[in-house]
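Okay, structure first, notes after.
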């Protein structure tokens, strides 16, 4: 009788637990992707950003052309795809943002998730400023002729600064930025750029206010439209005179650059940022997937699309810049021939004894050298210089230039926004997953985040704001993200265990995962990331950080060293971004010493509202009470419940009640 009674109590307890878990999970359930297409476009939109258009072409040409592309593909296969797959798989399996994922893997490393949030916040601050610049240029494109097509005049004279540089450079530095001569000269706020920054944050807020439900719909346009524009520019570009010369410069292989360590560093950095590793955005987007989604295939598909987009953008850039170079060279040669003819006439008057051919040859050599230097396609600008100076100048040579200009900057706007949505997801998703208060006021939290981002972003709308954008771009994300990814890889491959993780993925995907990932995660990826970290640190230590400033008097760029206070700021950016990792570890040790649970009291596993909802609060399970150093598995053999199509399928318990 006692055995029957205990059995009945056991069943009643299980039924009560099932009802309680089901009720809590359904109340806390968050939305999932409406379709696989939305998810795919979101991942592609986040990974394919402005860097594909203005950084990859520059690196490709400066570092060996086709040889750099081969090196990039090699590093993408050995490091990029495995790490990208790791983040996709971790987010999809644990179904939380970056904070919950790394707390679940090891409570000691919860700081990794917070560090990713900090870096995302830093990036969002300056990235939206670039979007604001694109909005300004987009609005300026609806004029004919384009405002950067000709130099302005003061009275009867051309503005000196413009005449000494170029119309596009003058418009960028003086009309758009009204830039100071150095970072030490702050200057007042630029009202036009401030307004554009406000518009950028309003767009981001409206797209994010319903989470992925609203973001997913926006992605249908923001992720697809840039490809339409790139194809239009490619078709137009290859028909231009000089395009073939530009493309030859792009693909001409110089294999000797493989011996340069800095080229490997730049290629690895580009792979790293092209896939958005370490931001937590990949994890956030993947966490909204059903568990049976084939994330292994997604890793290859998104990486492949990312690479092909970079190649496509590079073809477009060099086709257009080849046309620009040949056009400038042709005009220059025409002017040179005219000058030579005038010189020959003058020679006949004052130097009749000097042979004609001698003067012709000397003058022609000098003028030809000047023309080649001015139009050389090798002189490719990087980053904003490529987009807002070189490319805009080339478009002024197109028939119907306002149309092409508006198309180009609308493309930049969408590329920036799709990446910005992912960056904001890397902030909002982990924090709302972790803190119940934020989760209950998600709309207010999203709006407040955008307001704070705008207010801090006013720093970048000062006249010296471009220099701060460069500082944040170069230092606020690179080193902290490399460190974050190193810890991510070590925590999965060594702390949790690569074999154990692969077994979890085998059960999740219902198919075996190639064992080669074990060795890539354990040895190749950490070694590559440590090498990248060492090379980056060595470069910072051996060379004082510099920035490119615009000198108004000289009407030219010059490299200036950062002042001491700026070095302190960029050092603080790196330290603040990385600081959550050691703080999280120390916090765990203190709680452990005090005998308390290391799990965050606000934490709560929030399953997605898809047809595959796992009700087991995996992300909130603390280490075993008997062994504080043990970590909860991603899949549980004896404890678990799963909801399939609204019904509990299975619940087992090995504990006696």
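Each Cβ is built from the backbone N, Cα and C atoms, and glycine gets one as well.
Automated prediction, rather than curation, is the source of TrEMBL annotations.
Per TrEMBL, the stretch carrying the note transmembrane segment among 300-325, 326-351, 612-637 is 300-325.
The feature transmembrane segment, as given by TrEMBL for the ranges 150-170, 192-212, 255-275, sits at 192-212. Looking at 481-498, 499-516, the range tied to transmembrane segment in TrEMBL is 481-498. Range annotated as transmembrane segment by TrEMBL, chosen from 2-27, 366-391: 366-391.
In this chain, the transmembrane segment (69-90) lies in contact with the transmembrane segment (300-325); the count of Cβ pairs under 8 Å, excluding pairs fewer than 6 apart in sequence, is at least 3. Non-local neighbours of the transmembrane segment (443-461) in the same chain are 121, 124-126, 128-129, 132, 189-190, 193-194, 197-198, 201-202, 204-205, 208-210, 424, 427-428, 431-432, 468-469; each lies 6+ residues outside the stretch with a CB under 8 Å from one of its CB atoms. Using a cut-off of 8 Å between Cβ atoms, the transmembrane segment (192-212) and the transmembrane segment (111-138) share at least three residue pairs, counting only pairs 6 or more apart in sequence. Beyond the ends of the transmembrane segment (39-57), by six or more residues, the same chain brings 33, 130, 212, 215-216, 219-220, 222-224, 226, 250, 270, 273-276, 281-282, 285-286, 288-289, 293, 298, 301-303, 305-306, 309-310, 313-314, 317-318, 380, 382-384, 386-387, 411-412, 415-416, 418-419, 421-423, 425 to within a C-beta distance below 8 angstroms of the stretch. Within the same chain, residues at least six positions away from residue 48 (Na(+) binding site) with a Cβ under 8 Å of its Cβ are 223, 226, 305, 306, 309, 415, 418, 419. Highlighted in sequence order, 44, 46, 47, 49, 223, 226, 309, 418, 419 have their Cβ within 8 Å of the centre of the Cβ atoms of 45, 48, 52, 306, 415, the residues recorded for Na(+), and are not part of that set. Around residue 45 (Na(+) binding site), taking its Cβ as the centre, 26 other Cβ atoms fall within 10 Å, counting all chains. Just going by CB pairs under 8 A, the stretch in 69-90, 111-138, 403-431, 481-498 that sits most against the transmembrane segment (224-243) is 403-431. A count of other CB atoms within 10 A of each Cβ picks out 415 as the most crowded of the binding-site residues 52, 306, 415.
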